[in-house]
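As structure tokens, the structure follows; a few thoughts come after it.
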Amino acid sequence: MLNRFSPASIRRISTTARCCSDKNEPDLSDPKTLALHKLYRPERITPSKRGIDLLKQPGLNKGMAFSLHERQYLGIHGLLPPAFMTEEQQAYRIITKLRQQPDNLAKYIQLDSLQDRNEKLYYRVLCDNVKELMPIVYTPTVGQACQHFGFIYRNPKGLYVTINDNSISKIYQILANWHTENVRAIVITDGERILGLGDLGTYGIGIPVGKLALYVALAGIRPEWCLPVILDVGTDNTELLNDPFYTGLRRKRVRGPEYDSLVDNFMKAATKRFGRDTLIQFEDFGNQNAYRLLDRYKGEYCMFNDDIQGTAAVVVAGLLASTRVTKKKLSQEKIVFLGAGGAATGVAEMCVRQMMDEGLTEEEACGRIYMVDIEGLITTSRIKSLGERHVKFAKDLPDTKNLLEVVRTVKPGALIGASTVAGAFTEEIIREMAKNNPRPIIFALSNPTSKAECTAETAYRCTNGAVLFASGSPFENVELNGKLYKPGQGNNAYIFPGVALGAVLFAEMFIRQNLYSVEYDELINKTYEWPAKDSKHGFPVPVLRRTSMDEE
């Protein structure tokens, strides 16, 4: 997976990238490129359906791009308007109409409808406008879509495996009902912790759908290789249980051995159906299950948890990029985390590994990490109630729930939020960070934007533009004292498409932990290039497609 391939070659070879402007033929004299060509080469399709039935197949429908010969041969002559429009012309019409929509949710619904009827055109529009549309198909708009999923639901886009299907044979049959056998990547959630919105049950299916759309748009993975799955084990969200439009089982969430059995049976059935090298990405599982399931399956299946491993890689990349401005090694910084769930703990552990690479012992590295959870600062007085992953971060300090007090006591160089508590980084806390650091590092990572610990405007204003700021979902640019500041985005989309591409291309049996070190090294080198003279611009937006491909 760590071999280097030309990103331009991959873009040319990928069928999903053929809609892009690069039309040059790949150099097949290179054995590595030839191997990729065999994997990605376009294949002639002889449709099994004709006439109106063919036009109802999103994977085959080309809209008005069908030639006259194709229309006559396929029995669709007269079923389409007589004009001929290229894919480029159709894409221009779609994006023009999208920009006329009143809000982002309306744009999401229109894109969803396009995907239902013309898959190739959908990805053409997405690939050509990925910076503009990523906040629509992914965070923050996908969170809003999940909240209203029962109302906006039109057509199924994934598989639903319920607790009532808890056997390998039943789950295998459900997987066999999927329209293609050549699945190579699965994104699965149980809907318990959707972004920062909590338990959304089956409404959370929008997350796997959005993730896989970025597999295609950013990594060039074929759409037919992708399968979104939701495990429906019920929901503890009373509002959903009383929602007449709710699409899932109306029962309290199942936990314990029965839950574990369902996940076990799914993993066995999925690999039996699609192969041992099928990539399975776990997404938005609850804190009590996320780490536990990762530890359980990471050495047995080709799987990863993006909330833990992907978040960690992109945040450490951001921290290391920040050190180019602060002129201090990461091992010289103290870091305070607000939130101690799977994402925050994953980041903290990767920070420890990076600090150890810089020469610290594990004990010294853990000593520079301070974690604040719902009960307050993690201290030695709470040892008996802490999980095993948090004990090493416990500090011999007075107990407190006051984040401002923690910042004043610790004087950290970096403050990282993964709490889903909007506004938790108050103006006073941000000013205290600026008081202790000429260039304070503040990452408000909670998704969607409405759950961010602070806004970009507040961070820049309270530090007079000195802050090195990143958020989980995008914020608008901030104008302050005649300067324009572009907030950075510490989004997992910088990481998981590259991980998926490598696993799919090279049929990996397991995801190795050192891959994430390679990922954040590539991310720093390719995207976080700070301006030499004026470094007050925040994190620039990376060329995501190029970065995902270069990581392989």
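Each residue's number is its place along the chain shown, starting with 1.
Using N, Cα and C of the backbone, Cβ positions are placed for all residues, glycine too.
TrEMBL does not curate its annotations; it predicts them automatically.
Noted in TrEMBL for the protein shown:
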type: DOMAIN; residues: 115-298; note: domain 'Malic enzyme N-terminal'
type: ACT_SITE; residues: TYR138; note: active site, proton donor
type: BINDING; residues: ARG193, ASN447, ASN491; note: (S)-malate binding site
type: ACT_SITE; residues: LYS211; note: active site, proton acceptor
type: BINDING; residues: GLU283, ASP284, ASP307; note: divalent metal cation binding site
type: DOMAIN; residues: 308-528; note: domain 'Malic enzyme NAD-binding'
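With a 10 A radius on its CB, ARG193 ((S)-malate binding site) counts 25 other CB atoms from all the protein chains. Considering only the recorded positions TYR138, ARG193, LYS211, ASN447, ASN491, ASP284 (divalent metal cation binding site) has ARG193 as its nearest partner by CA-CA distance. Ranked by CA distance from the residue listed as 'active site, proton acceptor', the binding-site residues ARG193, GLU283, ASN447, ASN491 have GLU283 at the top as the closest. For the residue listed as 'active site, proton donor', the nearest neighbour among the listed binding-site residues (ARG193, GLU283, ASP307, ASN447), judged by C-alpha distance, is ASN447.
Shown in sequence order, VAL187, ILE188, THR189, ILE207, PRO208, LYS211, ASN305, ASP306, ASP307 are the residues of the chain, 6+ apart in sequence, with a C-beta less than 8 angstroms from the C-beta of GLU283 (divalent metal cation binding site). For the recorded divalent metal cation site, residues GLU283, ASP284, ASP307 set the reference point as the centre of their Cβ atoms, and the other residues of that chain within 8 Å of it by Cβ are THR189, ARG193, ILE194, ILE207, PHE282, PHE285, ALA290, ASN305, ASP306. Taken together, the residues of the domain 'Malic enzyme N-terminal' (115-298) have an average pLDDT of 95. Within 10 Å of the C-beta of ASN447 ((S)-malate binding site) we count 25 further C-beta atoms, all protein chains included. If you draw a 10 Å sphere around the CB of ASP284 (divalent metal cation binding site), it holds 26 other CB atoms from the protein chains shown. Across the residues annotated as binding (S)-malate (ARG193, ASN447, ASN491), the widest Cα-Cα separation comes to 17 Å.
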